[in-house]
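Working notes, beginning with the structure itself.
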Amino acid sequence: MDNLENVFRMFEAHMQSYTGNDPLGEWESFIKWVEENFPDNKEYLMTLLEHLMKEFLHKKNYHNDSRFINYCLKFAEYNSDRHQFFEFLYNQGIGTKSSYIYMSWAGHLEAQGELQHASAIFQTGIHNEAEPKELLQQQYRLFQARLTGIHLPAQATTSEPLHSAQILNQVMMTNSSPEKNSACVPKSQGSECSGVASSTCDEKSNMEQRVIMISKSECSVSSSVAPKPEAQQVMYCKEKLIRGDSEFSFEELRAQKYNQRKKHEQWVSEDRNYMKRKEANAFEEQLLKQKMDELHKKLHQVVELSHKDLPASENRPDVSLVCVGQNTCSQQELRGPSLSSISHQTSESSGEKPQEEPSVPLMVNAVNSTLLFPAANLPALPVPVSGQSLTDSRCVNQSVHEFMPQCGPETKEVCETNKVASINDFHTTPNTSLGMVQGTPCKVQPSPTVHTKEALGFIMDMFQAPTLPDISDDKDEWPSLDQNEDAFEAQFQKNAVSSGDWGVKKIMTLSSAFPIFEDGNKENYGLPQPKNKPLGARTFGERSLSKYSSRSNEMPHTDEFMDDSTVCGIRCNKTLAPSPKSIGDFTSAAQLSSTPFHKFPADLVQIPEDKENVVATQYTHMALDSCKENIVDLSKGRKLGPIQEKISASLPCPSQPATGGLFTQEAVFGLEAFKCTGIDHATVEDLSDANAGLQVECVQTLGNVNAPSFTVENPWDDELILKLLSGLSKPVTSYSNTFEWQSKLPAIKTKTEYQLGSLLVYVNHLLGEGAFAQVFEAIHGDVRNAKSEQKCILKVQRPANSWEFYIGMQLMERLKPEVHHMFIKFYSAHLFKNGSILVGELYSYGTLLNVINLYKNTSEKVMPQALVLTFAIRMLYMVEQVHSCEIIHGDIKPDNFILGHRFLEQADEDLATGLALIDLGQSIDMKLFPKGTVFTGKCETSGFQCPEMLSNKPWNYQIDYFGVAATIYCMLFGSYMKVKNEGGVWKPEGLFRRLPHLDMWEEFFHIMLNIPDCHNLPSLDFLRQNMKKLLEQQYSNKIKTLRNRLIVMLSEYKRSRK
């Protein structure tokens, strides 16, 4: 067998180098040689015939070749279902003019008992004038004679007793008209051709005539009666209709087959769904394991750093956080040397169920809270605060369920929260998180805040050392605490008598902080946006409140905010060690708390002189809370938990306006100082993304995890994309230029005005229509500013597609500002129930495909080499930038490169300015997958499938490499690229005979089409530099002239379209 395989490989090599015009003759010689030398090896002969069938199946010049038909008949002998094989040949047009195919096919059907179908096959061959005609007609006459011979014995037995099957036939004959009898159903009902009924009628008439002739030859059979029962010969399998004493009808038989087929389809569907679920579970487990390993590493690093820094903790001041606010009624200024607040999540509540949080996100919170807020030896920064009230808006919390009391029947709260940090240069640890509160300093420095049990397991010993708190005589109590709270706090008061100032001091409730005002993205995008979409609130360090017992002076609240609201402004700075199980645990852990209860003297408030270095080297964040009303009567005891949460809230309804106050001078100066710090923004971004939660549904990975290769079948699967969008740390709906509408998408028509919030849009005309969307040119203007008018595009899709908008926003966030113009810019997204409208930048001068077609009408027929090199250099740079953001475009082709007005206006050295990459609907964000993920699916655009897809190999970034190569090929030759595999090397099918710079282009296409694997991608910068060098050497004097000529062609093309 090995010898035969070697011989076959030699034969294949011979056929690849064969240049004759009759390859079938070579196959015929080889098969004859195999039959002579290996007559007993039938399996190999069958394999050889199968290869021959595949080789010549689509070569129409051999479809009626007698040699090829002979091999098809031989191959049919080895086929278990010959009828299906002959049907396949007939549908492919093979042997339609050969009598041997029809004779073999009809003979097989006759052997199976399907006489009616066999007769139809004979008649089909005669109708198609199959050669040789005489042989086919002779075989058909013999078939009819055999059919008559079968009928004659049955005629002599008509007077004998009938069996059950014959009774059934007799009933059918007497109760059915001749028209109904002609519609008898054969065995293979599903595959019967439409001409069978007519052929059946012809057959019966022929049989009737032959019976009359036999009666003249002294046959005793009556000519008037005998032919009729013979014409009713049953043409179906009686065994399937008769089962013992019962009989099936045709409908019941069909129903039985239908049920069997449905069961099979259901089984296949369930098996497919099971495999998808299995793959998804493995995918999630891989992500979870990967992130857990990374978090373990970070926790170990934190522990090592904490142990190293522990001896010097007494000489180190800390950075503390606060959510400061101002009451909208009083509007008084708050000042303090340190703004600190460490909030906790409610561990147990007597009146409502606590919201369970997964363990993994808590670990991420622990890492962030430890890494992002280290201590610093810097002076304190006072932050005076002022604010103004907000109007009718609501803060929706999407991560935890908390209670928000209302201040009136028509009052709603708005929480616009960022992060605030202030620096404390005192040796003692103050507590000013609750407003203008005086407290006694303590010499015990706060230990690192820990939020997970696993982290506590590592650094528990750090909190067990005894402390020596200072003694204070101030023992004011909080007047708003109820009896349960007083009893709880009394434990600390008792400790204060003997060991120092551990009592609860006088605490004032915080009013709402000043709000932040941002007037949209007009500066960034150049498009006026609806200003009724407030930013999503992000509250750092808030904790939920337990249900309070009703009091006579307590404000009523509705059930609407029982579970999904956020309490803003109320802070209680209790930091505990291990996670408490009961109130008693707080008592034992009170002296180990990192921030005990103090008052802080008002005379220690100082303004640092050097404001520029306030946060010079710190990983700090500034947070600003804005709430409309925050007057809450604390009527019942609160249970504290050590878990610190980050709550994000957003307002999806675009119909509610929001206003806000401005920063005070000190706060703005602090923010500017923060911008000047040397923070590694990439590190902070990764850590903030990790802090968003590592749910099972979320598949976002850390940037520096070296995970093994993971295979995903189809990155464009709708369910997978919905899963990725739902697991984002920053949802698409939280962007300030995203608007959700609770109505259906309106029908977009040209020459019509539409109102989108404060944006008035006039649809001018349809620019293009693809398989997934329609693109309109529109003129928009702000309702509040009649002079503002600008052209844009409206991309209308059904159903809603927020994925493209997400990719566009991620590109703008991850790319450098100087390259933003190279990619499509979306001004806003409007999401409806059944569709979406993306408002984006307009490019007026057509796509690269239009440019290629324009040159086809010139004498050159193709684009000049200088322009090809210019555009190719820009394309390689674009793709390089996209890949550096860990994004795959996925649909690079000539009609997705577009020219805008910048191409006509720019006259600098960058001659390709104005070329932009559009259509991000097929893009893939690799940051949402484990590092090293590969894909196996195929894109829908068959002409742009990369070699990895054609050879069923895994791929990721290769799809963009192939897209660039195919686009450049289209510019060079004016046609789409087709590739072929020659000896394992992929090449374009076109000839490169008179192409300038042949060596360079052959090397380029070889590199782009023959990528070793997903982990060894070629350098786009290397290819770009080679082209740039060639362009400067050969075409530096011609390129501007060619570019100006193209500008004229584009301008004329634009005018012709109008």
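Placement of Cβ uses the backbone N, Cα and C atoms for every residue, glycine included.
These numbers come from a predicted model, not from an experiment.
Taken straight from Swiss-Prot:
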BINDING   L767, G768, E769, G770, A771, F772, A773, Q774, V775, K795  ATP binding site
COMPBIAS  334-349  compositional bias 'Polar residues'
MOD_RES   S306  phosphoserine
MOD_RES   S313  phosphoserine
MOD_RES   S330  phosphoserine
MOD_RES   S512  phosphoserine
MOD_RES   S550  phosphoserine
MOD_RES   S579  phosphoserine
MOD_RES   S582  phosphoserine
MOD_RES   T595  phosphothreonine
MOD_RES   S648  phosphoserine
REGION    1-146  region 'Necessary for kinetochore localization'
REGION    99-132  region 'Necessary for interaction with KNL1'
REGION    446-464  region 'Essential for loading of BUBR1, MAD1L1 and MAD2L1 to kinetochores'
MOTIF     58-65  motif 'Nuclear localization signal'
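This view paints the features noted in Swiss-Prot onto the structure.
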residue	record	Cβ within 10 Å
S306	phosphoserine	17
L767	ATP binding site	18
E769	ATP binding site	11
A771	ATP binding site	6
A773	ATP binding site	20
V775	ATP binding site	20
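DSSP gives V775 (ATP binding site) a strand state. If you measure from the Cα atom of L767 (ATP binding site) to that of S306 (phosphoserine), you get 61 Å. One way to see the shell of the ATP site is to take the Cβ centroid of L767, G768, E769, G770, A771, F772, A773, Q774, V775, K795; the remaining same-chain residues with a Cβ within 8 Å of it are V796, Q797.
Sorting the region 'Necessary for kinetochore localization' (1-146) by DSSP state (H, G, I as helix; E, B as strand; all else coil) yields 111 helix, 2 strand, 33 coil. The binding residues for ATP are recorded as L767, G768, E769, G770, A771, F772, A773, Q774, V775, K795; their greatest pairwise CA distance is 14 Å. A helical conformation is recorded for S306 (phosphoserine) in the three-state DSSP classification.
Averaged across the motif 'Nuclear localization signal' (58-65), pLDDT in this predicted model comes to 83. The two recorded residues V775 (ATP binding site) and S306 (phosphoserine) have their Cα atoms spaced 57 Å from each other. Rounded to the nearest whole angstrom, the C-alpha distance between E769 (ATP binding site) and S306 (phosphoserine) is 60. Between the CA atoms of A773 (ATP binding site) and S306 (phosphoserine) there is a gap of 55 Å, rounded to the nearest whole number. In the three-state DSSP scheme, E769 (ATP binding site) falls into the strand class.
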